[in-house]
């Protein structure tokens, strides 16, 4: 399966690249156990020490898991991407303006596709979320965490309707790292929750009508509302 390594420099990196290629191409599948260290080092014509360095590189990338029972290929997730993005947001390397601009562009595309491609089942799911959010806003004390969770779910369902998983992965990665911003809305949560609900209804209504332009306009309005309340809460400076 593997080829002998012939380059003298940074051999461990060449080995790591070769194993990574096997994982990404599907020759090694999630859950599969790599050959024993001794056998693999002999196959690759390298020392066991070099092999361990290679495996550490792959472990840091989240491609393998090294256990006492052996080394296994991991299921690829967006965890590393989410962590990196989270650090960038928390350290202010990525500003709220950057996030809003990026989400507006991406979700503008998603909105148009959703209006065009959403099935009756998709629309039913969106309407169910709207009903749940409405019920939350009628309670004496708003369950804020549930409200935000439902809001996020609505965005992800819209992304799913496109049939392109990349939209959902990107949005989930971003949304998972915006908890601090969502908390800022709480200083005006009653007003925000009602205005945001009205906007979400307009998004779903536009999707239901198959109106691509109106759906995109409603999504862009969604971000204007969010940014306005962040300013009110003191969490966003122009």
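Cβ coordinates come from backbone N, Cα and C, glycine included.
Automatic, uncurated: that is what TrEMBL annotation is.
Model, not experiment: these values are computed from the prediction.
Listed in TrEMBL for this protein:
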DOMAIN    9-76  domain 'HTH gntR-type'
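Remark: secondary structure over the domain 'HTH gntR-type' (9-76) totals 36 helix, 9 strand, 23 coil, with classes taken from DSSP. Across the domain 'HTH gntR-type' (9-76), the model assigns an average pLDDT of 91.
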